[in-house]
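Asker: Take a look at what Swiss-Prot says about it:
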- 1-54: region 'Disordered' (REGION)
- 30-46: compositional bias 'Acidic residues' (COMPBIAS)
- ASP218: active site, proton acceptor (ACT_SITE)
- THR252: phosphothreonine (MOD_RES)
- SER394: phosphoserine (MOD_RES)
- THR412: phosphothreonine (MOD_RES)
- 424-527: region 'Autoinhibitory domain' (REGION)
- SER434: phosphoserine (MOD_RES)
- SER441: phosphoserine (MOD_RES)
- THR444: phosphothreonine (MOD_RES)
- SER447: phosphoserine (MOD_RES)
- SER452: phosphoserine (MOD_RES)
- LYS516: N6-acetyllysine (MOD_RES)
Amino acid sequence: MRRRRRRDGFYPAPDFRDREAEDMAGVFDIDLDQPEDAGSEDELEEGGQLNESMDHGGVGPYELGMEHCEKFEISETSVNRGPEKIRPECFELLRVLGKGGYGKVFQVRKVTGANTGKIFAMKVLKKAMIVRNAKDTAHTKAERNILEEVKHPFIVDLIYAFQTGGKLYLILEYLSGGELFMQLEREGIFMEDTACFYLAEISMALGHLHQKGIIYRDLKPENIMLNHQGHVKLTDFGLCKESIHDGTVTHTFCGTIEYMAPEILMRSGHNRAVDWWSLGALMYDMLTGAPPFTGENRKKTIDKILKCKLNLPPYLTQEARDLLKKLLKRNAASRLGAGPGDAGEVQAHPFFRHINWEELLARKVEPPFKPLLQSEEDVSQFDSKFTRQTPVDSPDDSALSESANQVFLGFTYVAPSVLESVKEKFSFEPKIRSPRRFIGSPRTPVSPVKFSPGDFWGRGASASTANPQTPVEYPMETSGIEQMDVTMSGEASAPLPIRQPNSGPYKKQAFPMISKRPEHLRMNLEL
């Protein structure tokens, strides 16, 4: 029987297969600092005299030349400074990247405010579909909160999150390299050095999640994206389980069967060691063209995972064979990575002996595959079944009641990098200290983000009183969030502006799908 692949495309809409998650709390707001320099009455009086002198030809204690003045256009944007309110109309639809049971994923361009002109992926989820099931709602919250909390070079970045009366919107970085699955589909199998690179970057992402008490639980080629340089980015955090530290287990039956650890199938309780089994299954898939245990149907696949011997092709090196055996141990306690060293145990294996981990984390190691892209908007690495469709975000005409909308309070988010850019853009610091400083209005910069209680989407009872944990330093921006207004209106919003596909100066056909993988594992294009 042919395996049905969850074909949601880029950043798939959550597929809540018996998932579990916990609600969280915490609201963040913008606080304005006190004026930098209000000035004394004497200074104001002196300023008044200065103005009088300027009215008479600039004669007086200050001679002001034009080189000391800064010109800028007076507009609504420059006068009403501060973070913009993000809404669907801020984005122009470019292409469809994927579809799922809960909504669509679009390639979009921001057309207003900060990041104007930049390309993103916009994940649109229908509230009415999500609230039908409590677990679906909880896992939507969990995915959004994990994306907010986790910042790492090999994990997708959340830029904005906002909502309307009937929809949730996640604005993510656009990863133009497409899915790792597409590369496997095209190449058939990877050489060991190629697989080593991808597995090393993935192991660093998994290790970072585990440090935060998060189990990923859905590692497979479809959930591994590549950026424009070819580096790995983990996506789709709907199956993650939080607050799983040493000694803690969970019992949810979830994941994709071919990559699922035996302890999940047996429902005997599992911990972060399941991710290392999945890494082994993924490694086997990369090197042989299929996962280690597959059957004609779901039951036979499960039986093989629980009972069958691992068959290793003779062409694999001794290091690859040894790593596969240690990752695919059915006894979770003896599995490589299950010990206190976690990712460090896996990374110390001789298979990774040529990896410089510091340079890898800094993304200084050249990827084995670099996408050939014609422009920032290039979608050639994505399935043309989706990209050739006309992008349409249906009108928001299914608004929930006010009580039903309460579960989505606190969904809104703005990435700290965006807040910093807004702060820098509107600082208007003079290059030369000018007398205008004494007579103009003082600047009011945006203050650092502060905690405040009362939100349903935070991270536990202590979130409102404790300082946010300082993240591990990576070669990227640090974490932080910003709460903005939540739209609860039941009014229907107009559809987003549409750009027709295959338009513009850059038009490139998707690469041909060379079907080298086994028939039952090939991409199922039926929705």
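Cβ from N, Cα, C; glycine included.
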Asker: Report, in whole Å, the straight Cα-to-Cα distance of THR412 (phosphothreonine) from ASP218 (active site, proton acceptor).
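Answerer: Approximately 26 Å lies between the Cα of ASP218 (active site, proton acceptor) and that of THR412 (phosphothreonine).
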Asker: I'm trying to understand the geometry here, so how far is the Cα atom of THR412 (phosphothreonine) from the Cα atom of SER394 (phosphoserine), in Å to the nearest whole number?
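Answerer: The separation of the Cα atoms works out to 21 Å.
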Asker: When a 10 Å sphere is centred on the Cβ of the residue listed as 'active site, proton acceptor', how many other Cβ atoms does it contain?
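Answerer: I get 25 for this one.
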Asker: Using a 10 Å radius around each Cβ and counting other Cβ atoms from all shown chains, which of the modified residues SER394, THR412 yields the largest count?
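Answerer: That would be THR412, with the highest Cβ count within 10 Å.
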Asker: Could you say whether, by DSSP, THR412 (phosphothreonine) belongs to a helix, a strand or a coil region?
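Answerer: Looking at the DSSP assignment, THR412 (phosphothreonine) belongs to neither helix nor strand, so coil.
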